[in-house]
Each structure stands twice: as C-alpha cells, then as structure tokens.
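Student: So TrEMBL has the following annotated:
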ACT_SITE  H188  active site, tele-phosphohistidine intermediate
ACT_SITE  C507  active site, proton donor
BINDING   R302, R338, N459, D460, R470  phosphoenolpyruvate binding site
BINDING   E436, D460  Mg(2+) binding site
DOMAIN    4-125  domain 'Phosphotransferase system enzyme I N-terminal'
DOMAIN    152-231  domain 'PEP-utilising enzyme mobile'
DOMAIN    259-542  domain 'PEP-utilising enzyme C-terminal'
Amino acid sequence: MPITGTLVSSGIAFGEARLIPAHKHSLDVRLISPTGIIKEQIKLKGAIKQLCQHLRHCQGNFAPEQDTFELIDADILLLEDPELHHALNEHIDKFRFSAQVAVDRIFTQQADELAQLDDPYLANRSLDIRSLGQRLINALNGDLALDLSAITQDCIILAQDLTPAEFGQLPLQFIKGLVLQTGSVTSHTAILARAADIPTLVNCQWQDGPHSGSNLGIKNGDKLILDAIAGELFNDPSPDLQTKLQQKYQAEQQRRQALAQYKCRPSETRDGHQVSIRANVGDLNDVLRLTDTGAQGVGLFRTEFLLIHAKQVPTEQQQYQLYCDALHSLDGQVLTIRTFDIGADKALPCLNQAKEDNPALGLRGIRYSLAQPSLLQPQLRAVLRAANHGPIRLMFPMLNQLEELELLIGQIELCKAQLIEQEKGFGELSLGIVIETPAAVLNLPSLLPLLDFVSIGSNDLSQYTQAVDRTNSALTKNFSPLSPPVLKLIAMTVECCKAQNKPISLCGELASDPKLTPLLVGLGINELSVTPGQILEVKAALCLGEFGGDSGFYAHGKDALSKSRMLDLAQCVSDYNQ
C-alpha cells in the first residue's frame, strides 16, 4: 500500500529514499533544586545564542530577498524576543522545571494559541513554532543540527518535518521530492517547496520510529516513486507500476509545457469574453515572482502578512517603500491592496490585542482598524503616497455598514490633508470592499455609489453564510466552499454591481480552482484573483471555453443556480468538466 498525504506541490519524482531522523529527546520533568535555577537559565541563554548563530550561518547562503532568508530571519526574531526570554526564565524560576521542559511548554502554548485561530494561514504557523521549539530543545541537549548538505545523488526525503534552515541546507539539484509526516499547505517548508517546484506531500501518516519511514519497511537507498498528483508514495514499485508512473510523468511534463502557451495569450474565452486574471500575494517576494505567471497584476495583497513575524508594525515609510517596489515590479499593472485584516482572531506579536470570547464575530477587519487609527492612518498615507507612482486599488475587509465606509472615506480625506501639510505628493485611489458576509451583500446597493469596485472574499462568505467553522473537521459534511446559498449570494452581488456598472472580482479559494472557472465566469465575475501557481491552470480553463451558447459558461452558471442541494451542485460542476 502506498503512503498517502496532503498535496503541497504537484509533480512526479523518482529517487532513492533518504530518511531524516526526527531528533526527538525525552523530557526529564523532575523538579530542579533552587540552586539549579540560575544554572538552567544560563544554559538556556547559551542554547538560544548558539541556535541563533547557527541560523545566521545558514542564512548566509541566501540573498536577503530570497524566501529562505526571510523565513530563517523570522525564526531568529522569535528566538531573540525579550518577551519570550522572560516567559521561559519565569517558567524555570516559578515551576523549577529544566530549560528543556520550559521550552517545550512555552512553545507548545504559543503553538496551541495559533492553532485555534480562525485564519488558516496563521493557524498553520503553529507547526513552525513547534518545530523551532524542538530545535531549541535539541540545542539544549547538544544536538544542534542535521548536516543535509552532504547529499550527492537524486533522492526523495522522508522526515517528520524540515525547518527553513534545514531546507536551506538541501542541495536542491538532488532533491526530487519531499514526504513529511507533519506540516500543512501553508507551513514554511511547504511555501519553500512550492517555490522550488519540488513535488511534496505533508501530513503523511506513519508511526514514529528511529528514522522517519523506517517502520514502513523503507530504508535509506530504497527506490521510491512519489506521485504528488494522486498524493501517493510507492516503495519498490513493480515494473508495471514503474511503467505506468513513468508514462504519467511524461504526460504531466507535456501538460505543463502546454500550459506555458497561455502565459502571453489574451485572457478571454474563445468567443471573446474577457476576464482579468490577477494574483493573490502576501509579500514583495510573491510580487517579484509574478513575471513568469502571466498574471495581470495583483488582485489581493494581504498586507497583514507583513505583521506576522514583525516585532513592530512597519512604519509609514517602510510600507510606502514596499508598495512602490511592488508597483515597480508590476510595471504598470494594477496593485490591489487590502488594508490590514486583523483582529482578535489573528493574534499578532507586534500588536497588543485584547482577547475576545467570540473573535470571529468581534473586533476584526475594518472594525479593528477604525478602532486603531494609529495603525490605519500610516497605512492609508503610505498607500496614497505610493499611488503617485502607479495604479493602486485599495479595499477594506469585513465592511458591512454604510456608516463604516463613510468613516473610512473620512480617514482617507484626513490623511490627504496631512500629506498636503507635510508637502508630500500622493495619487488618487480606486476604492473597494471585500464582500465577506450576507450583510455586506444586502447592503451593497447603498455602498456601491461610494465605491469603484467590489471583490468577493469567498472563504469568509462561505463560513458566515453557512454558520460553520471551516477548520472544524467534525463539521466537514456541513460545509462546502461552494454551496447553493453562497452561489446565490455571489449572483446577487454580481447583479448589483452590473446594475451600477462596477467591476466585480472574486479572490477566495474558489477562484483558484480551474474546475470552477466556467461557473464563476458564467455568473458574471469579470476578475479572478488566484494563487500564483494556479494562474495558468485557470487561464487555460477560461481560454478553452465559450461564454455563450447552449453549453457555454453563462448557461452553466444558470444551471448551477437552479440547484438546491450541495451534492447536486457538486455533480453539476463535475458533469460540466467531463
């Protein structure tokens, strides 16, 4: 039986097994003597210093603009955080536990808090926190790092997890695939694997052994085939299976080469219906990589990602420079910036946020920004100044009421006045909102006269419409990203925008699924903002179809709207894509 897991980066890989030890140590939970407290605290300080030095050494192999450099830098910032040092030392002093136990408990606590957040990106960061804590425990035990640079032949890595620093040691020319026991699609290692185009599976289920994969009968040097299309790893495949997977590999290579033709093609259906395809990004590196994707600019810049590992909120000048750099890279294409989408459901180290009993329904999105003008105004001034250098659209998350929009427009005018007083130039912005709740859909007719465009955030719209926590595995049968009521709300939003001649985009997970491209375009969406790796897939789905006619996208959209059951809607989409 093959090993199965969650697909992170697709492809098919052939190579020998390379098993990476987990380097786990048992924890001694016996109390230390009062005289041993200082000794443990000194040992902790030395281990943190040693690990930071090791990480900086690894970091030296990369340029500052590379993802690996930034991800290692985030680990160093956390390790050097005075608040972390205080919490660890206090735990040793108060509970008389060893430094190893203190690290385990404090890092586990931080990871558990992140894991409970509503935002999947931040929740999945818990895995990175746990991994860093384990590395610090290893350093305390004198087991600082793996030497992965000695790999000299094609291999498929099996490991419990890999940190950014460990990934950075890998000689990527020999790494044909990654199979990890833990991890998620948004973990640091997953991001790096996608960027390096390495076929990768995470969350693969096997029992821990002395080496990852050893209890599965896999040994170093065994011949493996990783099918990171079906999500399967095969050990010592039969000749027939090898032939089958080799044919599948060739077909996948041909498919990828065929997709490349769409990079420079007009973004339109065969009968000339045009749809803009833009990219979702989280930082400047994402923007810089768009040149090879065929994206028509940025449809969603998640600016809160700038705060995830920051000790302090970026200054107005820092934000201004970042937005200008993004505009320069886009070379005249539009940059759509979403203001900081944060709140108690997205606890960030650089903000002093109060805990809420029900954060998903609390002070989040634009509600939080309006309550924190010292956070909102520098961002607005930075965006206004950057708009003097290229086309910028600014959109506000979690906006439901006309009063909120009027307050935000007032804040923009105030920031313009401040810039005039400071004799700083600025440009005009196109203003929009992210539709994330049924209330926003129902209030849209009164909001649109003050807006230039609208974007549908289908992830939150699905969750708030269906009243289901999409991260709760017990409710899987109760939730679908695309359900009949959500589809109807999308259609209502489109009709409202068409009536007032305002552009309408969609920037949630639905936009990145090429099987849903005909349906969304058929409903009237005229811009899709997509995960960069899926842009050519979505563009191909658009270019290969027709908008009109009995079997066109428009007819498919009408047919889908007639479905009242989730299963019927799913079948409708499946049948259309046959």
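Yeah, the Cβs are placed from backbone N, Cα and C, and that goes for glycine too.
Whatever TrEMBL says is automated annotation, not expert-curated.
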Student: Across the domain 'Phosphotransferase system enzyme I N-terminal' (4-125), what does the mean pLDDT come to, as a whole number?
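Tutor: Mean model confidence (pLDDT) across the domain 'Phosphotransferase system enzyme I N-terminal' (4-125) is 85.
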Student: Within 10 Å of E436 (Mg(2+) binding site) by C-alpha distance: pick out those among the recorded positions R302, R338, N459, D460, C507, and say none if nothing qualifies.
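Tutor: So the list reads N459, D460.
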Student: Including all protein chains shown, what's the count of other C-beta atoms within 10 A of the C-beta of D460 (phosphoenolpyruvate binding site)?
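Tutor: If we count other Cβ atoms within 10 Å of D460 (phosphoenolpyruvate binding site), we arrive at 24.
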Student: Roughly how many angstrom lie between the C-alpha atoms of D460 (phosphoenolpyruvate binding site) and the residue listed as 'active site, proton donor'?
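Tutor: Per the Cα atoms, D460 (phosphoenolpyruvate binding site) and the residue listed as 'active site, proton donor' stand 11 Å apart.
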Student: Count the Cβ atoms, other than its own, that fall within 10 Å of the Cβ of R302 (phosphoenolpyruvate binding site), considering every protein chain shown.
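Tutor: So the number of other Cβ atoms within 10 Å of R302 (phosphoenolpyruvate binding site) is 20.
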Student: Helix, strand or coil at D460 (phosphoenolpyruvate binding site), per DSSP?
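Tutor: D460 (phosphoenolpyruvate binding site) sits in a helix per DSSP.
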Student: How do the residues of the domain 'PEP-utilising enzyme mobile' (152-231) split into helix, strand and coil according to DSSP?
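Tutor: DSSP composition of the domain 'PEP-utilising enzyme mobile' (152-231): 17 helix, 19 strand, 44 coil.
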Student: State the three-class DSSP label for R338 (phosphoenolpyruvate binding site), counting H, G and I as helix, E and B as strand, and everything else as coil.
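Tutor: Once the DSSP labels are grouped into three classes, R338 (phosphoenolpyruvate binding site) ends up as strand.
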Student: If you measure from the Cα of the residue listed as 'active site, proton donor', which of the binding-site residues R302, R338, N459 is the nearest?
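Tutor: In terms of Cα distance, the residue listed as 'active site, proton donor' lies closest to N459.
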Student: Within 10 Å of the Cβ of N459 (phosphoenolpyruvate binding site), how many other Cβ atoms can be counted across all chains shown?
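Tutor: Looking across every protein chain shown, the total is 17.
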Student: For C507 (active site, proton donor), what is the secondary structure state per DSSP, taken as helix, strand or coil?
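Tutor: C507 (active site, proton donor) sits in coil per DSSP, no helix or strand.
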